[in-house]
Amino acid sequence: MPRPVLSVTAFCHRLGKRESKRSFMGNSSNSWVLPREEAQGWMGQAVQGGTRTSRSHASFPKLELGLGHRPSPTREPPTCSICLERLREPISLDCGHDFCIRCFSTHRIPGCELPCCPECRKICKQRKGLRSLGERMKLLPQRPLPPALQETCAVRAERLLLVRINASGGLILRMGAINRCLKHPLARDTPVCLLAVLGEQHSGKSFLLDHLLSGLPSLESGDSGRPRAEGSLPGIRWGANGLTRGIWMWSHPFLLGKEGKKVAVFLVDTGDVMSPELSKETRVKLCALTMMLSSYQILNTSQELKDTDLGYLEMFVHVAEVMGKHYGMVPIQHLDLLVRDSSHHNKSGQGHVGDILQKLSGKYPKVQELLLGKRARCYLLPAPERQWVNKDQASPRGNTEDDFSHHFRAYILDVLSTAPQHAKSRCQGYWSEGRAVARGDRRLLTGQQLAQEIKNLSGWMGKTGPSFNSPDEMAAQLHDLRKVEAAKKEFEEYVRQQDIATKRIFSALRVLPDTMRNLLSTQKDAILARHGVALLCKEREQTLEALEAELQAEAKAFMDSYTMRFCGHLAAVGGAVGAGLMGLAGGVVGAGMAAAALAAEAGMVAAGAAVGATGAAVVGGGVGAGLAATVGCMEKEEDERVQGGDREPLLQEE
């Protein structure tokens, strides 16, 4: 009995099914081979002499498709069959459909004991069918990262030196490191909170920074935020280093806060800015830079607040107020007084603040005003065998180290939880003198904006000028700086007005270069006299001389351009007049030739001369009228061009 004939369509269908099964099992060959059972059973039809005879083939030749290597298509992440978004807390049913656990609970048929698939309506026989995809993914073998990538991740986050103190006591601001931190992709366009730890050396700052740094990643990921055990985060540790001269910052920001209101939190170590070995000028400048690089300060002291701590705090608050007034920023947003190993273990933080205020007795007025307000709070951290006391309430006595660790971690969690509320911000209602009004969230400074403000501050500090040894002298220099900038802007505005007023040709011709030079000189002297009286620094004469030199240079640049423009306008008018005179001479010569021709033809030389004279007079009058009309049209076109808004400034900024 002959075998049934296998058509080409059936052959391709059966071949595709077999090959799909083999491909699923991992066969990556580019050539397809017909199975042996089909190769032997395949019957071909041969026509011989008008009759068909069946002829079987013992073997089927290998079919080469020559597909070559094809790139595997990109696999999209699994999506929920209900919300069509990426799976969140996914579950998988026996039917093969995946859902978010929240979507599945919402669309589950009420009253159905067994789970029913919302897509295919298939009822699962066992509740074991709800298997979490996340748990199954955890069972997959984890591939280690390449060594190069591991090294990159290890060095990506580190503490960077922002402000260095050289051997002579001078400050070196490293703008490259500042830009690397504040212009990080997570902080460039995001409000920033700079959590700065102040204090003397060997006062436990590294211990505090380590716990803050270990708690930030867990809080960022949504965990409880408690510091993890030591060693659980390799590479994320502040560490103790004897070379702490200067200001340091952790290079990687941590995004904290609610969704849509994230704040990039940085950790800052002020190093030895409180060292008495530094000069007064260096300490004042470090206080100014610390104010710019912090929005949440923690003054870490040992045992109790000493007179040196209060003196430094007084200077810091004074400098912060001066900087805040000049740059339009909030001077002190939040300050914690953390007293470690306190001997006043039976008092609360508020009681300790009262003792401090009584001790001050008007010696440090700015510190007293700060402690009386709501911007500062005090925490007493006793030794591990003593109890913990905060500002609001006192805890029961405890003599175990576990109690100390518990309360210390509670303080760390409280600091990290409230840090997003103290992002770097400008003063409410204004930024600073001469700047636009800020409202709402625009008061919060992003990383890029703060980096620009620090660059402006470094430009002022880097100028060779008189030194200052106190916040008052610094305030006087900043006041004089504002006055100098105001004088420059006033003179620039006057020059711009003169530029606009002399745009037209005939308006410029009415003001000679010497006259314009006298006008600029008079205005310069008036500005110097008016703003020079308001200067406060002792080096008033040097400041006025430098300002006069800058104004004189700007006036000279304008006069050079104005003189060239005046000469160009004068040459244009002279060219028009010269063209008119040439036309007049040509008219006279032409009239004379016409008169001579008429005289020769008519034989009346006298009449020809008279005609020539008359023609000359007529032509001359026509040329004069034409010249006047031309000049009038030029002036009219100039008026229309100026009134139409075509006012190109003479001075352009690159």
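Cβ coordinates come from backbone N, Cα and C, glycine included.
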When Swiss-Prot marks a stretch as zinc finger, which of 80-121, 122-163, 164-205, 374-415 is it? 80-121
As a test of the contact definition, list every same-chain residue at least 6 positions from ARG340 (GTP binding site) whose Cβ is closer than 8 Å to its Cβ. SER203, GLY204, ASN300, THR301, SER302, GLN303, LEU381
Counts by DSSP class (helix H/G/I, strand E/B, coil) across the zinc finger (80-121): 6 helix, 8 strand, 28 coil
Check the zinc finger (80-121) for me and report the mean pLDDT. 74
